[in-house]
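Per Swiss-Prot, active site, nucleophile is recorded for Asp80. Feature annotation from Swiss-Prot assigns substrate binding site to Phe27, Asn129, Phe329. According to Swiss-Prot, the domain 'TRUD' annotation covers 155-303, on the basis of sequence analysis.
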Amino acid sequence: MTAFENLTWLHGKPQGNGLLKANPEDFVVVEDLGFEPDGEGEHILVRILKNGCNTRFVADALAKFLKIHAREVSFAGQKDKHAVTEQWLCARVPGNAMPDLSQFELEGCKVLEYARHKRKLRLGALQGNAFTLILRDVTDRDDVEKRLAAIAEQGVPNYFGAQRFGIGGSNLLGALRWAQSDAPVRDRNKRSFWLSAARSALFNQIVSERLKKPDANQVVVGDALQLAGRGSWFVATAEEITDVQTRVDNKTLMITAAMPGSGEWGTQADALAAEQAAIADAPELQSLLMREKVEAARRAMLLYPQKLSWNWWDDVTVELRFWLPAGSFATSVVRELINTSGDYANIAE
């Protein structure tokens, strides 16, 4: 398996170096749920600005403030502790009375707004995230400038970030040990992290192998194509290659790659053969996913950052702004721009 830092680059390996996240203010994330609170219901949506706190810690503190069980507070996704982030928490508080959440106090946190809502906020129930990143000590401004222009047009590989695999790849190592053992894993969190790491690593490998080909974004017979922004997909036949290629070129269709597991992967013919060959040297991880009945799925091969803009503060410092759909990784954008030191795994998804 190829390590995250060595996965194939869409625009070639960056020429310059730089520093990501010299301080928390260099990494700003604003969660976009894609909807507004209902204004009524037994739940309360709370928008929090935080710095230096992880999401679970804030959720537990909010539950304590409201005098409810911690399981009654939910969120759509984890946000990085060492960053400036805005996100929504959801607390189940039946009744007509509205608690005064302006009195909620926690170091590094501030309540921005809150309102009643009819439904529980569930994990993954967000549209995306808006990012503002500061890259410092950039050694090759011209190369970064060219890459930003290329990314705006051609996107980046939609890799799962190193965060998915844990510090030092610990989650993937856990999955490999589990795959080599018949012993059950009782800890639900470990099960989830390890299975997710296994499937994500296989997806990354499939994408990385395809991107080694100069015509990687050319549709082949049997490719599974996804409507942009949608989860549904269909298989390309020989008769419709020309038509679907036009739609891929104008970004209304996306070529997908397998997230292996039990059941059919979705691709057929040449495309299926290529995916199987890409991960032929990882039979243990594939067997683990099938043994644990993790269903196979599809994910777009490329990621197109939306609302991408940048501003050079000076020759070595650039501010980036972009929006990514849920499940995408800002670090997969940054790795196409600069080589960075340090472990991306300490940046929450």
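Glycine is no exception: its Cβ is also placed from the backbone N, Cα and C atoms.
What Swiss-Prot annotates, mapped onto the structure for a quick look.
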| residue | record | DSSP class |
| --- | --- | --- |
| Phe27 | substrate binding site | strand |
| Asp80 | active site, nucleophile | coil |
| Asn129 | substrate binding site | strand |
| Phe329 | substrate binding site | coil |
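Its own atom aside, the Cβ of Phe27 (substrate binding site) has 21 Cβ atoms within 10 angstroms in the protein chains shown. Counting only the Cα atoms, the space from Phe27 (substrate binding site) to the residue listed as 'active site, nucleophile' is about 9 angstrom.
The average pLDDT the prediction assigns to the domain 'TRUD' (155-303) is 92. The residue listed as 'active site, nucleophile' is surrounded by 21 other CB atoms, counting those within 10 A of its CB over all protein chains shown. Of all the binding-site residues listed (Asn129, Phe329), Phe329 has the fewest other CB atoms within 10 A of its CB.
It is 12 Å from the Cα atom of Phe329 (substrate binding site) to that of Asp80 (active site, nucleophile). The residue listed as 'active site, nucleophile' sits 12 Å from Asn129 (substrate binding site), counting Cα to Cα. Counted over all residue pairs in Phe27, Asn129, Phe329, the record's binders of substrate, the longest Cα to Cα distance measures 13 angstrom.
Helix, strand and coil counts from DSSP across the domain 'TRUD' (155-303) read 71 helix, 24 strand, 54 coil.
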